[in-house]
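K.L.:
Below are the C-alpha cells for one structure; questions will follow.
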Amino acid sequence: MHELSIAHNIVNIASAAAAEAGTEEISAVYLRIGALAGVVADALRFSFAIAAEGTPLANAELIIEEVPVTVFCPTCNTEVTLPNPRLFRCPHCGRPCGQIIHGRELELVALETP
C-alpha cells in the first residue's frame, strides 16, 4: 500500500509549507490525481488521516480532484478524453492513441488555512 508513503510525503511537504508561512494549522489539502497514477483515492484518504495525526494537518480535509485520461489522437489531430482508461483508442475514430496528455498527475495543488 504505497498510499501511506504518499500520505507521509504530503504531510511533510504541507507541514514545511505551514511552518514557512508561519501558520499552525492547515484546514484543507487539495490534490489532483490522474486515473493512471496508480493511487486509490479512498486508501490515500485513510492513510492521510493516520499520517496527519499530531501534525498541523491533524484536522485537515483531503480534497481530491480525479483527473481523467486525455490523449492525443493523431488520426483526428485532437486531444480526447478516454471513457475507459484501459483502452487507448480514440472514442471518435477507434484508432490507437499513445501520447498521454493528462492522467498521470499526482500534484499537491493548494493548502487552506482556517
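Counting starts with 1 at the first residue shown.
Glycine is treated like the rest: Cβ placed from N, Cα and C.
Note that the structure is predicted; figures quoted are calculated from it, not measured.
Per Swiss-Prot, the features are:
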type	residues	note
BINDING	His2	Ni(2+) binding site
BINDING	Cys73, Cys76, Cys90, Cys93	Zn(2+) binding site
K.L.:
Within 8 Å of the Cβ centre of Cys73, Cys76, Cys90, Cys93, which other residues of the chain have their Cβ, at the recorded Zn(2+) site?
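P.N.:
My list of surrounding residues reads Pro74, Thr75, Thr78, Val80, Pro91, His92, Gly94, Arg95, Cys97.
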K.L.:
Tally every other Cβ atom lying within 10 Å of the Cβ atom of Cys93 (Zn(2+) binding site).
P.N.:
14
K.L.:
Using Cα coordinates, what distance in whole Å links Cys73 (Zn(2+) binding site) and the residue listed as 'Ni(2+) binding site'?
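P.N.:
Checking the Cα atoms of Cys73 (Zn(2+) binding site) and the residue listed as 'Ni(2+) binding site' gives a distance of 32 Å.
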K.L.:
Which residues in the same chain, at least 6 apart in sequence, have a Cβ under 8 Å from the Cβ of His2 (Ni(2+) binding site)?
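P.N.:
Correct list: Gly38, Val39.
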K.L.:
Determine the minimum-neighbour residue: among Cys73, Cys76, Cys90, listed as binding-site residues, which Cβ has the fewest other Cβ atoms within 10 angstroms?
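P.N.:
Fewest other Cβ atoms within 10 Å, among the binding-site residues Cys73, Cys76, Cys90, is found for Cys76.
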K.L.:
What three-state class does DSSP give Cys73 (Zn(2+) binding site)?
P.N.:
strand
